[in-house]
Amino acid sequence: MMRVLLIAGLVLSVLLACGMGAMHIPLLRVVAILLYKLHLHLPISFTESEANVLWQIRLPRVCMGVMVGGSLAMAGAAIQGLFRNPLADPGLVGISAGAALFAVLCIVVFSGVSYYWMNVATFLGAVLSALLVFRLSRSGGSTHMATLLLAGLGINALCNALTGLITYMANNDQLRSVTFWTMGSLGGATWATVAALLPFVVVPVLLLPRLAKWLNAFALGEAAAAHLGIPVKRLKAGVMLLATLLVGACVAVSGIIGFVGLIVPHILRSASGSDHRALLPNSFLLGASLLTLSDVLSRTLIAPAELPLGIVTAILGTPLFIGMLMKQKRQLNTWAS
Amino acid sequence: MMTIDYVSCKAGNRHILHSISATLGAAQVHVLLGPNGAGKSTLLRVLSGEVLPGEGLVLFNKQNIHSRPAAKLALERAVLTQQYAVNLPFTVREVVMMGRYPHFSRQPSARDQELVTETMQALQLGHLAMRHFHTLSGGEQQRVQLARVLVQLRHVDQPHLQGKYLLLDEPTASMDLLHQQLCLGYVQQLAAKGLTVIIVLHDLNLAAQFANNILLLAKGRIWASGRPGEVLQASTIAAVYGMQVSVLLHPDYGFPIILPMQQGLPVEE
């Protein structure tokens, strides 16, 4: 039921996002143009330029929004499951900052590297910082939450400082590109970007739900999960790798977009529970919808200029996040009394 | 049947377990007793397969448990440890169902659902099924976790529990009087179906009431073992715990009852 609703929501968001922008394309025409590309001819007329705008500009951007939003949300849900904490987030544990550092390094120091290699480098940055945080927060075979957050904080600070240093050395053009990374945008979307991102998204999105049952048992703690016969080390390595793959690839094409990975799983947990078998796919669907809609806002609010997407999600996400904290605090107070 | 053969464990240079040997029969409740730091929890972690002993072997039905694949071991032994902090909002029923995870690949069968319902009812958890685990009291949480490890050991189609063993580390520490009796009574019934049960307890009277066999540990060695009446004697308890006690006999059931003397003052050495 939940799944059907979320799929319907995503389809609606995509159609809406395809129609809205500098050139408004009515909903029915959007459907007609999309079906026309599939050689289904509806008795609805549209202009050549509408078809071009939709197919060349808007649709790649919407596809990227779906992939990035879905990936960030699903990676968030998986990482929260792994760290057994609903407040863990790819951003909080340093993955995004590491990725951005390597991206900025590519832009400024090794300017001129191809888009493909930049993708690879950004991904490496994500993996390295994630591994470092994970490594630092473990002692005696178990991960400690407090140490983890502190390690994430430390690595974040280090990466941000280095990113700042490199930014300081950048020239004007490079500075514009750097700004793109730190504020997040889907503006660079083309079919080529979509194709480059696709494998990084499809593989983890298919594999992560296979770990869902294990992630549920992991909520009991590492020892208890091991007693249930779960290969704990493989699970941890698998989730870290797949989540880092997702987040690293997304940051590479869209820069840092915060709060999606934190808010989306949280909304779904309070609506339909923590079972990762439902939570992981549902997070993808809701994250995709929300980011697609946020991107519509980022394109239309101050048109013809664009608001950076990361700023839109932060402005929308922060009040939600604080609201959730307050609710949790109230619950804690009721249990205590 | 479980055979513990000259098991030793070290942390650094300090011996935590020192040449422990014992034979623990099936269909019985074995209780590990001993003061803090005696090595009870470490022994339990060795028996669960979690810790590889420095020396010695643990055999269950003639198989070395430390060379069993984890997935196989999960079908024949279940472990209840002392602490479970579940920070994600899982319901009580979801937590108990996790005990069935080794038995199905994607979705639980109707039989898995039945076993969960049955065990939850036996431990009076039916009314808590839809509550979130982390909102329960400590004693309720212990009952939920006990239900989870009990469903882990159930056969899909057979009522007996032969060839399986259960390890419980202070399962009743936070429970009220009624639920202590209810839970240990239920575990005792399961032992009668062939299950080998090994429980760490601190309450000597619960041990006296429910144990078929007691292993009394002190400083990493087995100080005494045998039936409750043999092990729980005033002189033994004074030597191991440093505490003067009187041992009475239950007027109806005949098991020992241990009462402290000297109002909490330790024995002069």
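Just so it is clear, glycine is given a Cβ too, placed from its N, Cα and C backbone atoms.
Nobody curates TrEMBL annotations by hand; they come from automatic prediction.
Sequence annotations record features per position, and here TrEMBL assigns transmembrane segment to A:59-79 (among others).
Summarising the annotation, TrEMBL assigns transmembrane segment to A:91-110 (among others). Away from its own ends, the transmembrane segment (A:91-110) comes close to residues 79, 83, 117-118, 121-130, 132-134, 148-149, 151-152, 155-156, 159-160, 162-163, 166-167, 169-170, 174, 177-178, 181-182, 243-244, 247-248, 251-252, 255-256, 258, 261-262 of its chain (Cβ-Cβ under 8 Å, at least six residues beyond either end).
Residues 93-103, 105-107, 143, 148, 151-152, 155, 159, 196, 200, 236, 240-241, 243-245, 247-249, 251-253 of the same chain, all 6+ positions outside the transmembrane segment (A:116-134), place their C-beta atoms under 8 angstroms from a C-beta of that stretch. Sequence annotations record features per position, and here TrEMBL assigns transmembrane segment to A:116-134 (among others).
Look at TrEMBL and you will find A:146-169 (among others) tagged as transmembrane segment.
Summarising the annotation, TrEMBL assigns transmembrane segment to A:189-207 (among others).
Residues annotated as transmembrane segment in TrEMBL: A:238-264 (among others).
Using a Cβ-Cβ cut-off under 8 Å and counting only residues 6 or more beyond its ends in the same chain, the transmembrane segment (A:308-326) has close neighbours at 179-180, 182-186, 254-260, 262-263, 266-267, 291, 294-295, 297-298, 301. Taken from TrEMBL, the feature transmembrane segment applies to A:308-326 (among others).
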Discussion item. For the transmembrane segment (A:146-169), give me same-chain residues lying six or more residues beyond its boundaries with a C-beta closer than 8 angstroms to one of its C-beta atoms, as numbers and ranges.
Written reply: 83, 88, 91-94, 97-98, 100-101, 104-105, 108-109, 129, 132-134, 136-137, 139, 175, 178, 182
